[in-house]
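Q: Pasting a structure below so you can have a look.
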């Protein structure tokens, strides 16, 4: 409980701060920031085994806890955006205009520096609801492959030493996928929600094909495909959330999204385990994860259609009305 609480109190603010630091390069920044997970996942297994052999499991956990205390150092270094920039902007607005002694902003509470409360009303926005449902379904699937990958390899008769390398392959290609997708998203060639839909579709395809593996080489290849496309999804899904709700409501949206999405991570592994027990085959868990991701992609497509309709509606409403009167003076009379 305390470990999960600590993760939520550290991970969520860190992602929020990075998203506020960057606008045009937000996707690349989030990709680089999240790539540390892959680097640690690649080294954690051997490191933890060595610590256990040297200091026992209690000593190993004590050392790992000390290493994680460095998150506090990172938190101290993460600062809110300099308020001086906002103050400078507010002062420029309050300076007297030429020929006018009145200031542009007289009230202090009209300053751009505001203290906002948590926006619970986001649950009433259809775009956020659709994206939250996508998050639940995606979380139901993301925890399944690492859980059943090793048991599946054992059931295929693969040696234990080779099986351990599958998780290393998963971490390496995940790292590459995050950086590559972050770089591509930063080019702004493809709309982020389209990119996310494509990566989710590719993940579901790789999960559907992974159970077809019957030896180590084919299992490693399909694991690599899954890990790469999983990394691309992680790199861009926070950026999509920022695009959906906008940066003024991003902090509230991120907290709500993680709260809602965690229900999928809570339900997914037990449900997959139940399906595996009923089918008597670990492949059934991968099929369940792939099917759930296909369903989640449908909500992304619906979200994209909803956003496009709103954009077209706003463009239609803001289009200026053309005057049909021959003289400007008559047009002014019409407006009056």
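Cβ coordinates come from backbone N, Cα and C, glycine included.
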Q: Given 88-108, 193-213, which one carries TrEMBL's transmembrane segment label?
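A: Transmembrane segment, as annotated by TrEMBL, spans 193-213.
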Q: Under 8 angstroms, Cβ to Cβ: which one of 27-48, 60-78, 128-150, 162-181, 253-272 has the largest number of such pairs with the transmembrane segment (284-303)?
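A: When the Cβ pairs under 8 Å are tallied, 128-150 comes out ahead.
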Q: Looking at the transmembrane segment (128-150) and the transmembrane segment (162-181), are there 3+ C-beta pairs under 8 A, with each pair at least 6 apart in sequence?
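A: They are in contact.
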Q: Go through 60-78, 162-181, 253-272 and flag the stretch with the largest number of C-beta pairs under 8 Å relative to the transmembrane segment (27-48).
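A: Counting Cβ pairs under 8 Å, the winner is 162-181.
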Q: Looking at 60-78, 219-241, 253-272, which one has the highest count of Cβ pairs under 8 angstroms to the transmembrane segment (162-181)?
A: 219-241
